[in-house]
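What follows is a set of notes on a single structure, which appears directly below.
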Amino acid sequence: MVEEATVVHSNQPFHCLAPQDLVAKILPPVLITELLVGLPGNVMALWIFTCRLKTWRANTLFLFNLVLADFLLLISLPFRIDNLFRGEHWVFGEAWCRSNLFMLAVNRSASIAFMTTVAFDRYFKVVHPHHRVNHMTSTQAGWVAGGIWAVVMSLRLPLLTTDLLVQHGNKSLCRSFSAYNVTPLAIKIHNTVFVGEFFLPLLLLLFCSARIACILRQRQLDKGQKVQRAIRVVGLIVAVFVLCFFPSIATGLSALFIKKVRPSDCESYNKAAQLFSLSIGFTYLNSALDPVIYCFSSSMFRNSLKSAINKLGLVEMRLSRRGSMTSDG
């Protein structure tokens, strides 16, 4: 959405283009930490979903696609880390620049979409317990998941149609968020999706949270353990979502505002652009935190995890009878 700036050249395609040296110093340790924390958790989750679960329900399938999106995003990060260690000099070629940024964007969007889907699943189970959505088969859920992937990938296709590798001095800058003097249509679509995939899911998540809390209080059921878990699941999803994605939206929109009202003030634009690039690190934190959501959202997943830990013989964990391989509660 933004790039760092030092000077404005009105005859150049980019607005205030320059390397972001501060970001290249600060962000790599953050990304490495997220990778080291998130990758083992997501690999373990993939193993449990593919090898340990005996029954797949709709909620389980949505959670599996969430962990798949997170896993694919995390394995794309090493290329960005290498890029930053080289002072933002991309050495893997133009085609892989597009592909890597496409992978990051698609899987970030898919993670948001499936996180929102899990929240909606909880919403229907609590607010509309007899709705036919709650009786969705795993096959039907598979079609829904496939539709989500198709929409997400189609919205991110502009990244594959645009040359994202920019030569600046002796460095090749590979960025999906660039401030253009005249913004191409493909980049306008990319930026619009980035903003829209925050505000629309946020409104849906807040709606789900408010309706669940309201209905349960009306029914005087907000004290039960199962009901409390449903509230905690949606609340946790909202908290993780805001923590991870709000900083990048706030700083990105601030930089665009500065570009709009003070186009020649590259010093102020620099600061906002650097904050935006640093805040991108928070969006990847989402993929490291999502395994916590799996544990809260599926009793089948929790029981499988406990069973695997019990087999190690280091500690004995009690399985839930209610959720033993048959429930998504």
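Residue positions begin at 1 at the first shown residue.
The backbone N, Cα and C atoms fix where each Cβ goes, glycine too.
Since the structure is predicted, the reported quantities are computational estimates derived from the model, not experimental observations.
Annotation source TrEMBL lists domain 'G-protein coupled receptors family 1 profile' at 41-294. Residues or ranges marked as transmembrane segment by TrEMBL: 26-49, 61-81, 101-120, 141-159, 198-216, 236-258, 278-296.
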Give the nonlocal contacts of the transmembrane segment (198-216) in its own chain as ranges (CB under 8 Å, at least six residues past its ends).
112-113, 115-116, 119-120, 122-123, 126-127, 222, 227, 230-231, 234-235, 237-238, 241-242, 245-246, 249
Count the Cβ pairs between the transmembrane segment (101-120) and the transmembrane segment (236-258) that lie under 8 angstroms and are 6 or more residues apart in sequence, then report whether there are at least 3.
yes
Looking at the stretches 61-81, 236-258, 278-296, which one shares the most CB pairs under 8 Å with the transmembrane segment (141-159)?
61-81
State the non-local partners of the transmembrane segment (26-49) in its own chain: residues 6+ outside its ends, Cβ under 8 Å from one of its Cβ atoms.
60, 63-64, 67-68, 70-71, 74-75, 77-78, 80-81, 84-85, 277-278, 280-281, 284-285, 287-291, 294, 301, 304-305, 308
